Amino acid sequence: MLQRFLLLFQQNTSVAYTKLLHFLHKLNNPPVKMYLVEDKGGAIALMLASLFFLGTWPAVLTMLERRGRLPQHTYLDYSITNLLAAVLIALTFGQLGNSKPGKPNFFTQLTQDNLPSVLFAMAGGIVLSLGNLATQYAWAYVGLSVTEIISSSMCVVIGTTMNYFLDDKINRAEILFPGVGCFLVAACLGSVVHSSNAADNKKKLAASTTNYKINSYEENGSNVANGDLETGPGSSQKVGKAKAGTAEYLIQLEKQRSIKVFGKNMFLGLVIVFFAGVCFSLFSPAFNLATNDQWHTLKDGVPHLVVYTAFFYFSISCFVIGIGLNLWFLYHPVLGLEKSSFGAYLNDWNGRQWAMLAGFLCGFGNGFQFMGGQAAGYAAADAVQALPLVSTFWGVVLFGEYRKSSKRTYILLFSMLSMFVVAVAVLMASAGHRKS
């Protein structure tokens with residue numbers, strides 16, 4: 001009996017000791033795996049963060065243009081930190097833990113034969129870069145809020161429909177497409193708001209006692225070059241000494257800003273906006289194809305690009321296009337901008353920190369959108385196109401957009417924003433769950 005007891009005690013002690021060693025090993029060597037968002041709640045949290053970032057960076061660039069900084073200089077700074085954000089995401093989220101057969105980490109995937117998916121990711125970066133570049137000029141013509149609403153609504157109407165079919169219909173169509181319809185209505189209202197606000201501004205200038213033909217300004221007069229736009233307390237109310245919404249405000253803003261819009265055909269601004277909208281509608285489906293290979297372009301056994309690797313290639317092409325075109329625009333400017341040079345750009349530190357902040361905001365905003373889309377479906381992730389709600393807030397608070405406008409303009413603006421809120425809520429409600 002004693003021998004049997006000792007034998008059982010020895011066996012149980014051995015088992016307990018083995019479990020203790022296993023526990024201590026896990027304590028000292030915790031299991032690490034690549035961080036991937038796989039639940040709906042995490043995806044929505046990323047979308048909300050993306051919404052704030054993507055709605056804020058356009059306001060930063062608009063502020064710099066209104067201060068008189070050349071958009072070529074601004075976009076070159078922006079492009080650098082936009083790429084840096086993608087590199088940081090790849091080296092942190094994309095490199096955590098060991099590679100798994102179906103989900104290799106960032107460095108492992110760089111050596112794999114996945115060229116077709118890489119090309120899809122880079123194509124997405126190219127069209128996004130073209131769209132972002134176009135909107136930087138459109139903001140001056142039609143305003144920050146209207147630009148973002150029209151281009152984002154087009155992105156949802158076209159891009160979300162494409163993503164729905166690419167994602168094998170994981171989003172609920174009976175909810176998704178009414179939301180898409182609301183975005184389309186919001187885009188139409190955005191065009192009407194722009195037309196109404198432009199008419200209001202024309203009336204203000206016609207009724208003003210100030211000569212608003214900029215070419216007749218005398219350099220030693222009271223002009224906006226001596227003002228300080230958006231640089232201190234109360235700056236959202238004034239350009240120089242003029243109050244936001246007045247004819248004098250519009251005149252002084254025109255004198256200071258880098259893109260001159262007085263006397264220009266505002267239809268050109270809408271053309272630029274619609275071009276940007278087409279570009280924006282294509283980048284998300286291209287990224288979807290890069291990460292999920294719905295067209296079966298990869299060889300058998302080659303894993304799909306993880307979202308972090310795809311975003312790295314996406315951002316490289318975005319960087320190359322942004323840098324290349326803006327270096328060209330330095331010496332061959334468009335829309336009546338001043339000619340510059342690479343040396344002048346290097347010496348222009350006025351607002352450089354803001355342009356670089358905008359690049360980080362846009363980079364992390366896009367990265368979070370893609371991370372959420374990989375989990376809940378890229379069609380639902382297009383809900384971050386609610387960014388015009390954030391942009392409109394900044395446009396009103398920082399730049400005095402729609403101040404002292406007509407009652408008709410206010411009603412149209414409220415209707416547009418209300419429709420946009422409904423559209424975003426409906427789109428998020430359609431979120432599904434991607435099968436592993």
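These residue numbers are counts, starting from 1, taken along the chain as shown.
A Cβ is built for glycine as well, from the same backbone N, Cα and C atoms used for every other residue.
Straight from TrEMBL, the features:
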- 42-64: transmembrane segment (TRANSMEM)
- 76-95: transmembrane segment (TRANSMEM)
- 115-134: transmembrane segment (TRANSMEM)
- 141-163: transmembrane segment (TRANSMEM)
- 175-194: transmembrane segment (TRANSMEM)
- 267-290: transmembrane segment (TRANSMEM)
- 310-331: transmembrane segment (TRANSMEM)
- 354-372: transmembrane segment (TRANSMEM)
- 378-399: transmembrane segment (TRANSMEM)
- 411-431: transmembrane segment (TRANSMEM)
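Against the transmembrane segment (354-372), stretch 76-95 shows more Cβ pairs under 8 Å than any other of 76-95, 175-194, 378-399. Residues 40, 43-44, 47, 149, 153, 156, 160, 171-173, 175-176, 178-180, 182-183, 185-186, 189-190, 192-193, 196, 376-377, 379-380, 382-383, 385-386, 388-389, 392, 402, 405 of the same chain, all 6+ positions outside the transmembrane segment (411-431), place their C-beta atoms under 8 angstroms from a C-beta of that stretch. By the Cβ criterion (under 8 Å, sequence separation of 6 or more), the transmembrane segment (310-331) is in contact with the transmembrane segment (115-134), since 3+ such pairs are found. Count of Cβ pairs under 8 Å against the transmembrane segment (267-290): among 42-64, 115-134, 141-163, 175-194, 378-399, the largest is for 141-163.
Counting only same-chain residues 6+ beyond the ends of the transmembrane segment (141-163), those with a CB under 8 A from a CB of the stretch are 55, 58-59, 62, 131, 135, 176-177, 179-180, 183-184, 186-187, 190-191, 193-194, 197, 259, 261, 264, 266, 268-270, 272-274, 276-278, 280-285, 288, 373, 377-379, 382, 385-388, 391-392, 394-396, 399, 401-402, 416, 420, 423, 427.
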